[in-house]
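The structure under discussion appears below in the form of structure tokens.
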Amino acid sequence: MNVPAALPPCSILLLAGGRGQRMGGRDKGLIEWQGKALIEHLHRLTRPLTDDLIISCNRNIERYAHYADQLVQDDDADFNGPLAGIRAALPLARHKWLLVLPCDVPLVDEPLLQALREKAVECPERPIMVREGQHWQPLLCMIPIAHAATLEAAWQAGERSPRRALEPLQPVALQLEAGDPRLANLNTPCLLTGISENCGK
């Protein structure tokens, strides 16, 4: 496995759960983009970076199992959002850090993930979160698994927003420019089509 020794080993969580409301109820991770399922694009990117690849999913378990070392499912069938997947994965992570990615950002690249890990070396006790311009991207982050209990307590108190759950831990920003194309979120059919056309030019 080609993981630079200077960077902390990490477990990686791919978030593929959810209702897929903007996709007409389809399982977003399995929707094809440029001839491959979205989850396959993220698998190809992250597989060389970890020996603990976790996927959070609520359906099509057999298909997702092909891409993961571990699968996690929400303990609630109501699709309570990405924080549900994060809280389920943190106690199972085999490394001290959990790197989190949604399944609908296929343009994210290895330098971005490596930059997150480098920032984690600088600030080992705090979550690292991508900040695009003035906007936080809480689903592109690294979380020390030591904070699992804090996030669980936030969940039990009724919090469902990953950003608000992480706020008390004073996340450190990995600052990116507004409009960074790597952060394109392909969460509607129109966006999928538009990005595909632009990439083909």
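Our numbering is plain: 1 for the first residue shown, then up by one each step along the chain.
Cβ coordinates come from backbone N, Cα and C, glycine included.
Per Swiss-Prot, the features are as follows:
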BINDING   LEU15, ALA16, GLY17, LYS28, ASP74, ASP104  GTP binding site
BINDING   ASP104  Mg(2+) binding site
Other C-beta atoms that fall within 10 angstroms of the C-beta of ASP104 (GTP binding site): 27
Three-state secondary structure, which DSSP defines for LYS28 (GTP binding site): helix
